[in-house]
Amino acid sequence: MPPIPSLWIRVFFSWLLLSLPAAAAADFSHCGGCDDGDGGGGIWSTDNILQCQRVSDFLIAMAYFSIPLELLYFATCSDLFPLKWIVLQFGAFIVLCGLTHLITMFTYEPHSFHVVLALTVAKFLTALVSFATAITLLTLIPQLLRVKVRENFLRIKARELDREVGMMKRQEEASWHVRMLTHEIRKSLDRHTILYTTMVELSKTLELQNCAVWMPSESGSEMILTHQLRQMETEDSNSLSIAMDNPDVLEIKATKDAKVLAADSALGIASRGKLEAGPVAAIRMPMLKASNFKGGTPEVMETSYAILVLVLPEDGSLGWGEEELEIVEVVADQVAVALSHAAVLEESQLMREKLAAQHRDLLRAKHETTMATEARNSFQTAMYDGMRRPMHSILGLVSMMQQENMNPEQRLVMDAIVKTSSVASTLMNDVMQTSTVNREYLSLVRRAFNLHSLVKEAISVVRCLTGCKGIDFEFEVDNSLPERVVGDEKRVFHIVLHMVGTLIQRCNAGCLSLYVNTYNEKEERHNQDWMLRRANFSGSYVCVKFEIRIRESRGNLLSSSSSRRLQGPNSTSSEMGLSFNMCKKIVQMMNGNIWSVSDSKGLGETIMLALQFQLQHVTPVSGASSDLFRSAPIPNFNGLQVILVDSDDTNRAVTHKLLEKLGCLVLSVTSGIQCINSFASAESSFQLVVLDLTMRTMDGFDVALAIRKFRGNCWPPLIVALAASTDDTVRDRCQQAGINGLIQKPVTLAALGDELYRVLQNN
């Protein structure tokens, strides 16, 4: 598409050229049809001239009719809104000129008045349109001149855009170089590899002759040449270090921008060596440490800088421009970041090695602790077994003695011995649990017992203790005490003995008083020491208070101060082996309370125990009594053939006597292998096996499985196990091994008879 000014100039000259033929045709039309006969013949005759004019008018008319179509197409295809009106005027003018030429074709021959009238009208309209077009074109000329000015302005803007595009291309090229350098630098996390990669890539990008890195010394007094791209042929020892107070060094470290060094700079001369070189530039690089990235309050630390020196060749074709210096600055920042990451990685690796060493030490210490704990537990278990087995034997023998005929006084003493031995066995179990499992939790066994019998046995034991100590003893028991209550009989008996032992240990001479009575909690509510926790009993309950008082004689004083209370733990304050705090926890577990009150004169001290017991109104059958020891009739298994397996000689002998007391025919063996061999003989007709679960060579579970497997085709004998604990784990293993019954040690005559009776009845 041609420019707009040239187009309108062409349209204007076309209008002038087309107007002249129309005027000539109009003038010549006056002699149309006349021939003076003076013209020469041939081609220039009047007829030929008229025919040529007629053909010319037709061609001109056709051309005039086609030009408006082209102008209309141009106006619709181009965005010339202010100029569309003049285009339409030119189109109308050209159409009228073409119409004038078309009508003129009919004036070269004789014509009618209508032809002349049409020609006149066409010429008149052509004159009006041409005049209007000329006026419009006159106002359009300034706009066409402004278009020329705008064209020059656009050319200037195009040149500026070309310069900006060139600058953007150069910046993009610099950014590409920086990205490439950054990518190469960050490929490694080793500081030496990072520095060498930086020097190599900068040398390729900037066409350097040499590149060097100066690091501060450990003392911080000088800069040392540590890395360089090309080794110097001859090096002076003094050129390898530069003082820290060198002007160039100070100036470089003072700013983050790159600096072009002078030709006589000591830093530049030392970096290029003996070779001739071109301009030299240098920039600082922060040497960050991992400690700078730790959280918390930032510490004031002096920043350490390295210096990167870049040397150009001597040919003079290259120099340090803004783009090159900008690339160097960006690369220096990236190198500082990469070096900081490397420092963090090195410190984390050192920390990981330290943690690994500490972890190994902890594992070693844990292993040693585990071995020590196992050794301690083994020692405690052995010590516990050494104390428990004789106690179990004594309890078994005493249970047989209870079946003998004795007078009431002997019966009371025997029951007290049994009760004391049972409490001692329970205490040994508690000590073993708390020391092995490392906890202070004790379980309670709530069952129905005779409160009157417990008080009588406690009085009997206290009388023995006070008699051995040489202290007088008196007691008073309320007649309203219920006979049958529900609670932990062993724990209550132990707490009472603990209270007595604590007081008589503090006294050398005096009188010990024991008072047991019931009390009304509502009447004593004003006393805060009596406040008890409400027990979750389904039925009625009773509150019982045990009050033990010691009165020192006038000639002796209490060994402890009157202000001393029993609230703190003291290993020597209990004759039975448990501290006062442990007793207090046991009392709180039974919904009770225990406290002490001292006399203001220091001559007496009182310990009071308040407990809640659930009442049992129905008296149980003697055969189903829940007491640990009883005097009810023992069942007799006359002729029952029993094999007894126990590796402990004393317990085996006691259990053998108990079985014989029950009327059994007993064969005792010392190991599980002997038991299995006994069943191998054809004469073996044992109906019952009583075995200990904790034997040395072969435990009771394996023996039971072997017996079941060995007698698989025959009717297997019944098996009753003896165990120190009867928790759910032991019961599950007994059920898996095919054991029919389980008796918890110590084995007494009543417990053994009841369990054998139950097993024989169920099987």
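Don't overthink the numbers, they just go from 1 along the chain as shown.
Cβ from N, Cα, C; glycine included.
What Swiss-Prot says about this protein:
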- 58-78: transmembrane segment (TRANSMEM)
- 86-106: transmembrane segment (TRANSMEM)
- Cys97, His101: Cu cation binding site (BINDING)
- 115-135: transmembrane segment (TRANSMEM)
- 190-339: domain 'GAF' (DOMAIN)
- 382-615: domain 'Histidine kinase' (DOMAIN)
- 641-760: domain 'Response regulatory' (DOMAIN)
- Asp692: 4-aspartylphosphate (MOD_RES)
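The two recorded residues Cys97 (Cu cation binding site) and the residue listed as '4-aspartylphosphate' have their Cα atoms spaced 140 Å from each other. All protein chains considered, the CB of Cys97 (Cu cation binding site) has 27 other CB atoms within 10 Å. Take the CB of His101 (Cu cation binding site) and look out to 10 A: across all protein chains shown you find 26 other CB atoms. Confidence across the domain 'Response regulatory' (641-760), taken as the mean pLDDT and rounded to a whole number, stands at 84. Note: the CA-CA distance between the residue listed as '4-aspartylphosphate' and His101 (Cu cation binding site) rounds to 144 Å. Counting every protein chain shown, 23 other Cβ atoms lie within 10 Å of the Cβ of Asp692 (4-aspartylphosphate).
Sorting the domain 'Response regulatory' (641-760) by DSSP state (H, G, I as helix; E, B as strand; all else coil) yields 55 helix, 25 strand, 40 coil.
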